[in-house]
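A short worksheet on the structure shown next.
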Amino acid sequence: MQPTPTQRPEAIVHDEKAQLDFARDMSYGDYLHLDELLGAQHPLSPEHNEMLFIVQHQTSELWMKLMLHELRAAIAAIQQDRLQPAFKMLARVSKILEQLVSAWDVLATMTPPEYSALRPYLAHSSGFQSYQYRQIEYLLGNKNAAMLQPHAHRADLLAQVRAAFEAPSLYDEALRFLARSGLAVPAGALQRDWTQPYRADDQVEQAWLTVYRQSERYWNQYQLGEKLTDLEDAFRLWRFRHVTTVERIIGFKRGTGGTSGVTYLRKMLEVVLFPEIWKLRTDL
């Protein structure tokens with residue numbers, strides 16, 4: 001529709017009741033603290049592509065902040081036998097992981113020569129040093145005491161990461177819920193050293209098999225198993241895209257943090273977070 005000679009184009013573009021004066025009101029930018037957020041990118045090199053590298057990792061950290069928020073809330077809900085809210089939170093975590101998976105496509109537009117030009121400016125900084133990522137790994141049950149060390153230089157960060165390291169994981173709380181539901185979960189899975197990686201247990205698998213064979217009776221437990229499956233499936237996809245993106249950009253060079261790079265990341269693909277939920281699919 002074209003404006004008539006007596007109409008101002010602005011009257012068509014703007015809703016007449018839209019708030020346009022923010023001299024004394026909170027604006028969109030004020031609410032989101034956009035000055036601070038958009039002022040947090042400080043390239044160290046003259047390379048055009050460093051902005052992509054920074055924004056990729058900063059946005060990933062924002063999504064991980066939301067993941068931690070949802071994971072902690074889901075764990076608390078499971079502890080209180082509030083399964084429906086927990087399902088919503090776990091589904092959201094899986095969707096966040098989808099966002100993180102697709103983000104690798106953007107970073108993959110960086111070619112090997114482009115990354116090589118900015119790599120010297122990164123020093124020994126590396127993604128495995130992310131204190132939010134480490135907390136996510138710990139909350140999902142991948143406990144490794146050595147990964148506390150990169151945060152030892154900051155007592156405040158170390159305290160956060162250590163708290164996740166020492167707490168029961170999401171899967172630990174899922175097994176506790178099964179036990180409270182009357183299922184035969186062995187004491188060794190319910191009372192153990194939470195700082196140690198979880199080891200698969202045949203009796204735990206039998207408990208999950210009961211859930212899956214009698215899903216109508218154990219509907220919440222069954223749904224919990226499937227939400228955990230969705231989450232680990234999404235996490236595996238994220239790990240895989242991480243490996244392929246890194247290999248595409250740096251090949252088999254060592255990582256900036258001193259790891260073996262792609263070789264190290266491929267080993268992470270072998271980590272199984274919720275082993276019995278996957279094994280039961282063969283045994284059903």
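Cβ atoms are placed via backbone N, Cα and C, with glycine included.
The substrate site recorded in Swiss-Prot comprises Phe53, Ile54, Val55, Gln56, His57, Tyr115, Arg119 together with one of Thr229, Thr244, Thr245, Thr256, namely Thr256.
Every protein chain considered, the tally of other Cβ atoms within 10 Å of the Cβ of Tyr115 (substrate binding site) stands at 21. Note: His57 (substrate binding site) has non-local neighbours Gly127, i.e. same-chain residues 6+ apart with C-beta under 8 A of its own C-beta. As a whole number, the greatest separation of Cα atoms within the substrate-binding residue list Phe53, Ile54, Val55, Gln56, His57, Tyr115, Arg119, Thr256 is 18 Å.
Taking the C-alpha positions, the distance from Gln56 (substrate binding site) to His242 (heme binding site) comes to 12 Å. Across the binding-site residues listed here (Arg119, His242), the residue whose Cβ sits among the most other Cβ atoms within 10 Å is His242.
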